[in-house]
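Record features (TrEMBL):
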DOMAIN    33-274  domain 'G-protein coupled receptors family 1 profile'
TRANSMEM  22-42  transmembrane segment
TRANSMEM  49-68  transmembrane segment
TRANSMEM  100-118  transmembrane segment
TRANSMEM  139-162  transmembrane segment
TRANSMEM  168-192  transmembrane segment
TRANSMEM  213-235  transmembrane segment
TRANSMEM  255-276  transmembrane segment
Amino acid sequence: ENISDFSLNITDCTQVVVPEEVFFTVAAAGILENLLVLIAVIRNKNLHLPMYFFICSLAISDMLGSLYKTLENIFIILCKMGYLTRRGDFEKKLDDAMDAMFILSLLGSIFSLLAIAADRYITIFYALRYHNIMTLRRALVILAIIWTFCAGSSIAIALFSYEAATVIPFTILFPLMMFFILCLYVHMFLLARSHAKKIASLPTSTVHQRTNMKGAITLTIFLGVFLCCWAPFVLHILLARFCPHNPYCACYMSIFHVNGTLIMCNAIIDPLIFAFRSPELRNTYKKMFCCAR
């Protein structure tokens, strides 16, 4: 907020303000949709699979992103109304906690996408050994390691966010992980295309291959949506840290609220992709609503 106010003094770009009602509406919708995904997976025993557990991890990350923006806007409103001061000890700790929640959401989304990508890779190329390689217990251990690492990293980055040694690794992590996932996708699709030609004469294998590739395509959609929604905000953080006094950087930072809204839109879009691409999850939704009625 301070950076956004300062940027108005060094640039002619007008700050774009998103109404608070829009923020809270989008955030509430994202939280409710992802909560619905979690409830659907818990209630349907057929969805107690490693892939859906990784999807639940992504849903939790989306919920944290929406919750972060909601709490941040409440904090800003209270500051403007005079109930809180921006330089108090309590407010500083509250700000650090919200920053840690934001970083946790970002890291959780990245590593959840990476886990889903690895799961799809094993499904496609080690189909006969998949249930031995990716057991439910092993998936839970992977998720425990992911969230332990993300929680520790988010707290450390939030506490030492003003140190260049902390900011630089964090900023490098985002493009590095995205590049790694992208390389995994390219490798996966190239090998899948080669395998599809070899097993074209086997009808049952072809059907199985198409099913696995459908999961890979779904994951590609997730990655595209994630990049579109998170990259602008991550770029804002980079510019605010490394060139806050540059008029061009300040002009980009004038759309801070729009970039924040995109993060919450990611939390709304992901559950819609789940429902559209997964018949089992879609049927679970129908049964849930029918029982509610």
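Just so it is clear, glycine is given a Cβ too, placed from its N, Cα and C backbone atoms.
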*the domain 'G-protein coupled receptors family 1 profile' (33-274): mean pLDDT?*
79
*Select the range from 22-42, 49-68, 139-162, 255-276 that forms the most Cβ-Cβ pairs under 8 Å with the transmembrane segment (100-118).*
49-68
_Should anything in the same chain at least six residues away from the transmembrane segment (139-162) have a Cβ under 8 Å from its Cβ atoms, list it; otherwise answer none._
50, 53-54, 57, 96-97, 99-101, 103-104, 107-108, 111-112, 115, 119, 170
*What else in the chain is close to the transmembrane segment (255-276), if you only count residues 6 or more beyond its ends and a Cβ gap under 8 Å?*
3-4, 15-18, 22-23, 26-27, 29-31, 33-34, 36-37, 55, 58-59, 62-63, 65-66, 69, 72, 105, 109, 218, 221-222, 225-226, 228-230, 232-233, 236, 282, 285
*When you scan the chain for residues with a C-beta under 8 Å from the transmembrane segment (22-42), skipping those not six or more beyond its ends, what do you find?*
48, 52-53, 55-56, 59-60, 62-63, 65-67, 69-70, 73, 257, 260-261, 264-268, 270-272, 274, 281, 284-285, 288
